[in-house]
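J.: So that we are looking at the same thing, I have put the structure below in structure tokens.
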Amino acid sequence: MSDCILKVALDTPLDMCFDYLWPVAEGERPQVGQLVLVPFGRREAVGLIVAVEDDSDLPRDKLKPALALRAQMPPLSAEWIALCAFAADYYQRPLGEVALPGLPKNLRTAKTASLDKALKKLTKAVQPHDATPHAAPPLNAAQQVAADAIAGVAGFAPTLLYGVTGSGKTEVYLQAAAQVLAHSDAGHNPAQILILVPEINLTPQLEANVRARFPGVAVATLHSGLAEGERLAHWMAAHTGHARIVLGTRLAILASMPHLRLIIIDEEHDPSYKQQEGLRYSARDLAVWRARQLNIPIVLGSATPSLETWHHAQSGRYRKLELRARAVQDAVLPRVGLIDLERKAPREQMTEGISGTLLAAVRKRIEKNEQSLLFLNRRGYAPVIACDSCGWISNCRRCTAYLVLHKGDRRLRCHHCGWEERIPASCPDCGNVDLQPLGRGTQRVEETLQAVFPEARILRIDADSTRRKGSAQAAFDTVHRGEVDILVGTQMVAKGHDFRNLTLVGVINPDTALFSHDYRASERLFAQLMQVAGRAGRAAQKDGGNPAEVLIQTRYPRHPLYAAVRDHDYDAFAGELLVERRQANFPPFMYQALLRAEARELQTALDFLHAAMACIDPAGITFNDPVPMTMTRVANVDRAQLLVECASRPALQAFLKDWITALRGMKTRVRWSLEVDPVDI
Ligand code: ADP
Ligand code: ZN
Ligand code: ZN
């Protein structure tokens, strides 16, 4: 019996591994990748063994013995540890803060006995299911080319699947996946496939399709809505290789999948692939790295690719496969019309912000028994209420934000800090009882439509109407069953739904994003408009039915963004944006990192950022001035930021390494965090 040394990564901000003793009988050393329970300070913690050695830099009598090995599960692979190590290195975090939080909580915290119990229960949860199998529809020519091209390569081959809304990208993913699975089964070399989607709860259709298409295959799902027990079951199914397909949101990119052979990212441009707190990683970027590491193909699918991906495709670094037409026979892209609110034609009688043209189009759909969708990316009744006589407006006391009017439950709510209060009966400053709602949100649009079309069945879908678990799905089912004439909703309704009887999409007020200080705002608005427009006309046009139509209300009908939406011309729009980005030195032609600071007083945060600039030689790096964040105050905390830029990614990475070491050495009470490749600046 002698001792070996376990080098253990723990979930702490200290950027180091910790040494522990473990007694070994001959030939029985613990393995790298096993989880181990160790004493840490005054508590016990589960860590990841990253090396097993004979020696430590510390004297033996300073080392504590580890307490227990999690021997119930197979060790995590060297590739998985390397993925976490890459993410840790790239995003400037300790390895333990990347590797451990992503593991199911039961593995990290549970006592061995209760873990044993949970792991027995497990296997049942992720079984092949006996859903009625669905035969795959025959692919059209373009789809077939794409599916074969994806499944036909063995090595690293990043591929953009660029296909208009409704072009049948999902079908391409599924048939490429089927080919990869069949091929691997024939070679007795089981494969696993990872499919990432922006949202699972909102788009259960995809999950149902996957299960129906692969009836003999265990499918695991990983997303933040799972209960702990479920998460453990699904995670383990992926880790043991039992689940051949893993369908998940961004967090699934860190799932352990020992036989991973293909990665698919649906709607790769979607902002939700970026984690916006804690470890602020991009699941899309990590996915590309992971595919390269494993030397496997990866597919990035979108009708409106991110400019980063588009740039790679244009420069030939990514292969581009194109689907130009809708897959369903006789289904065509909707006609896009712009309703000019500035030069109101006489018939543009406005009713509570909705034009006569749009209302007439809705009426026509109701008469023909077709559905309409009115899109407005703002929930609540009105974004603010105001007093006409003294100028008071409903500011949140704790944030740089307005309190939003929610009329139904008579509350004012802050959508940023959660503060809420009753609607005041009169102006708090001057006593005027006539407080006015300004602007409009989905609730107000719903109210207006109900007044104009008293007979119509109207359904609002937004974060407020779908708070209860399962209620979003129930709402979408109602639409699919045809029990809704007019659907009113936020971006929740724009994502991925295949509404078969929807022939009109109205966009109420998209203009604000045109003038945002955020240079990504127009890229996002364009993607959002194309996506919501893509909900219309997905079925074959009925004889005598209206051609599917998208009507956008705007004060700037001549803006190039709307012209591109009208022409369904992503190529031209993206081309222009890339030229602008290159001229202005913005990503993807520049690499960025953002240092954020939070304090009770804005000045404290700014002072910290100035000190952070002064603590290092900025050779080759551009420091911008520290500035308050656009929404400076949230929940009584002031926030400021410092943007650093560099034209070379390796040079920026090298700088960040030194900088973070210097920052960690600074004595400060300011809360700070560093984000690499920020998207909201
Ligand atoms: P996308 O993801 O590109 O927007 P979907 O994958 O949702 O498009 O496909 C749009 C519709 O076309 C779906 O209803 C799908 O069932 C149908 N579809 C896809 N491929 C085919 C095909 N080859 N033949 C018939 N219908 C198809
Ligand atoms: Zn007043
Ligand atoms: Zn607030």
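Cβ atoms here come from the backbone N, Cα and C positions, even for glycine.
Quick paste of what TrEMBL says about this protein:
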| type | residues | note |
| --- | --- | --- |
| DOMAIN | 150-323 | domain 'Helicase ATP-binding' |
| BINDING | CYS387, CYS390, CYS427, CYS430 | Zn(2+) 1 binding site |
| BINDING | CYS396, CYS399, CYS414, CYS417 | Zn(2+) 2 binding site |
J.: Measuring CB to CB from CYS430 (Zn(2+) 1 binding site), give everything in the same chain under 8 Å that is also at least six residues away in sequence.
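T.: Long-range Cβ contacts: CYS387, SER389, CYS390, TRP392.
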J.: Among all protein chains shown, how many Cβ atoms are found within 10 Å of the Cβ of CYS414 (Zn(2+) 2 binding site), not counting that one?
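T.: Looking across every protein chain shown, the total is 21.
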J.: Average the pLDDT scores across the domain 'Helicase ATP-binding' (150-323) and report the rounded value.
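T.: Looking only at the domain 'Helicase ATP-binding' (150-323), pLDDT averages out to 94.
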J.: Can you tell which of the binding-site residues (CYS387, CYS390, CYS417) has the fewest other C-beta atoms within 10 angstroms of its C-beta?
T.: CYS390
J.: Around the recorded Zn(2+) 1 site, report the further residues of that chain (criterion: Cβ within 8 Å of the mean position of the Cβ atoms of CYS387, CYS390, CYS427, CYS430; site residues excluded), sequence-ordered.
T.: ASP388, SER389, GLY391, TRP392, SER426, PRO428, ASP429, GLY431, ASN432
J.: For the binding-site residues listed here, CYS396, CYS427, which shows the highest count of neighbouring CB atoms within 10 A?
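T.: Comparing the binding-site residues CYS396, CYS427, the most crowded Cβ belongs to CYS396.
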J.: Quick check: with CYS396, CYS399, CYS414, CYS417 left out, which same-chain residues have Cβ atoms within 8 Å of the centroid of the Zn(2+) 2 site Cβ atoms?
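T.: Surrounding the site, in chain order, are ARG397, ARG398, ALA401, LEU403, HIS415, HIS416, GLY418, TRP419, VAL634, ALA635.
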J.: Rounded to a whole number, how many Å is the Cα of CYS427 (Zn(2+) 1 binding site) away from the Cα of CYS396 (Zn(2+) 2 binding site)?
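T.: Spelling it out, the Cα of CYS427 (Zn(2+) 1 binding site) and the Cα of CYS396 (Zn(2+) 2 binding site) are 15 Å apart.
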J.: Which of the binding-site residues CYS390, CYS399, CYS414, CYS417, CYS430 have a Cβ less than 6 Å from any atom of ligand 2?
T.: CYS390, CYS430
J.: Just the binding-site residues from CYS387, CYS390, CYS417, CYS427, CYS430 whose C-beta lies under 6 Å from any atom of ligand 3, please, or none if there are none.
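T.: Near ligand 3, sequence order: CYS417.
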J.: Around CYS399 (Zn(2+) 2 binding site), which residues of its chain at least 6 apart sit with Cβ under 8 Å of its Cβ?
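T.: Those within reach of CYS399 (Zn(2+) 2 binding site), by Cβ under 8 Å and sequence separation of 6 or more, are CYS414, HIS416, CYS417, TRP419, MET631, ARG633, VAL634, ALA635.
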J.: Need the DSSP three-state call for CYS414 (Zn(2+) 2 binding site) to compare against my parser.
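T.: Going by the DSSP assignment, CYS414 (Zn(2+) 2 binding site) belongs to neither helix nor strand, so it counts as coil.
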J.: What three-state class does DSSP give CYS387 (Zn(2+) 1 binding site)?
T.: strand
